[in-house]
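K.L.:
One structure, as structure tokens, below. Some questions next.
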Amino acid sequence: MSNMDPNSVLPKRSFLQHELFSQLHIPGSLAFEAFSCISKFTGALLCWFSHGNLQKEVSKHQWGLTCKSRDSLKHVFEHRNVSVFPFHYVSKDISPGFFGNISKSTIQHFVNEAERLHSCSLLSLAAAMIPSLNVMSANGLALPLGSNDVKLRENIEHRTCPENTEHRTCQVGCEEYSGLSFQKLDWTRQSVEPRTGIEFPMLLKENASRSNSEVLVATGSRTMKIIRIKSLKVYAFGFYVHPSSVCQKLGRKYASVPASKLDKCDDLYKDLLREDIVMSVRLVVNYNGLKINTVRDVFEKSLRARLVKANPKTDFNCLNDFGSFFRQDIPIPAGTIIDFRRTEDGQLITEIGGNLIGAVRSKDLCRAFFGMYIGDVPVSEQTKEEIGRKVVGIIKRC
């Protein structure tokens, strides 16, 4: 029994992960000792209840025992099946006191064993039930360690931030943004857009601190259908906002509003567009056959419709200037990075492959462009909601 393999007792993927076994194992097999104690105690009780009949049988032969009488006595004990009990009867006079002493001794031994086992504290038991750090999954931690995916999960429960706490925490996406965890977040890691597998940096500016760079709040992708059969993943995009700009423009207005009410608040998205908050969209081309003039035509068509809806008397010169940046001689193979950035003074700056290709000063054009992602009929409704949740988390930390 002492050589029994622990794996045969506890499954390899059991809840305790062998920790409880390794912490509470005592040589000699506790199960066997407990069974032995119970067996002795039961035997003593049975002997006590049967001692009256045994004494009567013995008293008939206790005077002048002959060989024959001794054989009869042996027959009596064999008939009573006394040999099954772990006691040896060596006394001629078997009295109630004899069995009483045995029972008392057995009970005392059983109590002592129970007290000895009780010395294993509940604290040790609790410690044994907690898995070791090396077998804990990253999902069980407050912040993901080394995880590349910071996309939201639809089934995550959103909690309202308690008021007047030192480190307020909001569940935004799959990360908890609190005063402590946000500071320790690994901003050097990449976030992966799941459909295309394209990576986006958490900070838009390389080698920049969180205080002077836009941070990633959502990723998404644009898909086009070809002949209603094949879906073409044209590009992936990452949406960035500047936390300081968000706090400065929206912090006071929404600080007292519960996060649960801001989750799908249309006014929040309208204010993000109206208040000239610093934000950027990074596009990464995912299709080798994409042409620069195709990108220009798609943007001009969408922007024109949004400008007309916002203000029918809009000056479209800003749109013409924007379209002129996309010249025929600019190659955009798969992997090309195109950045669009809005500044506080209302400029829309365009960069391709890290090179500045132009800037247009027009607040209407900026609002129309970023309205494609957080306005009416966005590129991705799911990404828009994710942006809203992450911005709410930033506001609650202002």
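The backbone N, Cα and C atoms fix where each Cβ goes, glycine too.
Look at Swiss-Prot and you will find Arg222, Tyr235, Ser302 tagged as dodecanoate binding site, backed by similarity to another entry.
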K.L.:
Helix, strand or coil at Ser302 (dodecanoate binding site), per DSSP?
P.N.:
helix
K.L.:
Are there any residues in the same chain, six or more apart in sequence, whose C-beta is under 8 angstroms from the C-beta of Ser302 (dodecanoate binding site), and if so which?
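P.N.:
Spatial neighbours, sequence-distant, of Ser302 (dodecanoate binding site): Met372.
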K.L.:
I need the neighbours of the dodecanoate site defined by Arg222, Tyr235, Ser302. Which other residues of that chain put their C-beta within 8 angstroms of the C-beta centroid, in sequence order?
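P.N.:
Everything else in range on the chain: Val234, Phe237, Leu283, Val298, Met372, Val379.
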K.L.:
For Tyr235 (dodecanoate binding site), what is the tally of other C-beta atoms lying within 10 angstroms of its C-beta?
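P.N.:
Taking every protein chain into account, the count is 24.
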K.L.:
If you count Cβ atoms within 10 Å of the Cβ of Arg222 (dodecanoate binding site), leaving out that atom itself, what do you get?
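P.N.:
Result for Arg222 (dodecanoate binding site): 18 other Cβ atoms within 10 Å.
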K.L.:
What three-state secondary structure does DSSP assign to Tyr235 (dodecanoate binding site)?
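P.N.:
Looking at the DSSP assignment, Tyr235 (dodecanoate binding site) belongs to a strand.
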K.L.:
Measure between the Cα atoms of every pair in Arg222, Tyr235, Ser302, the residues the record assigns to dodecanoate, and report the largest value in Å, rounded to a whole number.
P.N.:
16
